[in-house]
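Enquirer: When I checked TrEMBL for this same protein, it listed these features:
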| type | residues | note |
| --- | --- | --- |
| BINDING | Ser14, His73, Gly149, Phe150, Gly151, Gly152, Gly180, Gly200, Thr201 | substrate binding site |
| BINDING | His39, Asp41, His73, Asp178 | divalent metal cation binding site |
| ACT_SITE | Asp41 | active site, proton acceptor |
| ACT_SITE | Asp178 | active site, proton donor |
Amino acid sequence: MSGHTLPCCKIGPSILCADLSCLADECRKMIHSGADYLHLDVMDGHFVPNLTFGHPIVKCLRPKMPDIYFDMHMMVQNPEKWVESMADAGANQYTFHIEACEDIPALCRKIQESGMRVGVGLKPGTPVETILPYSDLFDVVLIMTVEPGFGGQSFMEDMMSKVQYLRTNFPYLDIEVDGGVGPNTIDVVAEAGANMIVSGTAITGASDPSQVIALLRNSVENAIQKSQLER
């Protein structure tokens, strides 16, 4: 897995939880509130039952926020189909689900050659060992702490064993966690070793998103500092 510097904390609000009728304004609000990147959920109605948006929306957003990091969470069948379109639209990271991919090395090469970072997502039921044969191909591993595509689920704390395994064995890896992460769950996520934090309504629905982002960041940075002192 790529990278030779210890990972730093990055907070990425999930914009799917924002008011989509004024998406650009909502995105700017998240960045001005202290977000490091934006997490954009793409659902195709096949890999997951819901349908969201695709590369045309990303292409419209990019000129309005030219310097913002777009993390595309591709909850789609045939993820290789959309690589060029997302790269052309201005995406920075392309996170596909290992459960939806047949030729993982080929897809990773395709993403890298398009100029995007390579992310791989694991559904709750997928063992972390599944990605090990391809461990040098990914920049980011996304651990889902809810079942993707369904709303209103509770955070699955038992998924933290996956995060702990990855952090122990791949100390330089960016580990992302998505699903039910907020002020009540961030400490266990941070202590497990995640450094990229996706949070939806906990941020977008807050009266003061900047306060929530700061709280999440403080927990992760404290955990990183503690782990470095223990090395």
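Here the Cβ of each residue, glycine as well, is placed from N, Cα and C on the backbone.
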Enquirer: Of the binding-site residues Ser14, Gly149, Thr201, which one sits closest to Asp178 (divalent metal cation binding site) when you measure Cα to Cα?
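Expert: That would be Ser14, nearest by Cα distance.
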Enquirer: Reported as an integer number of Å, what is the Cα distance between Ser14 (substrate binding site) and Asp41 (divalent metal cation binding site)?
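Expert: Rounded to a whole number, the Cα-Cα distance is 7 Å.
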Enquirer: By a simple count of other Cβ atoms within 10 Å, which of Asp41, Asp178, the binding-site residues in the record, is least packed?
Expert: Asp41
Enquirer: Compile a sequence-ordered list of residues in the same chain as Thr201 (substrate binding site), six or more apart from it, whose Cβ lies below 8 A from its Cβ; state 'none' when nothing qualifies.
Expert: Cys17, Gly182
Enquirer: Counting only residues 6+ away in sequence within the same chain, which have a CB under 8 Å from the CB of Gly180 (substrate binding site)?
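Expert: Correct list: Thr145, Val146, Gln153, Ser154, Phe155, Met156.
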Enquirer: Around the divalent metal cation site recorded as His39, Asp41, His73, Asp178, what other same-chain residues have a C-beta within 8 angstroms of the site's C-beta center?
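Expert: Output for this site, in sequence order: Gly12, Ser14, Leu16, Leu40, Asp71, Thr95, Leu142, Val198.
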Enquirer: Cβ distance under 8 Å to Gly149 (substrate binding site), same chain, sequence separation 6 or more: which residues?
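Expert: Spatial neighbours, sequence-distant, of Gly149 (substrate binding site): Met43, Phe47, Val48, Pro49, Asn50, Met75.
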Enquirer: What count of other C-beta atoms do you get within 10 angstroms of the C-beta of Ser14 (substrate binding site), across all chains shown?
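Expert: Neighbour count, Cβ to Cβ under the 10 Å cut-off: 23.
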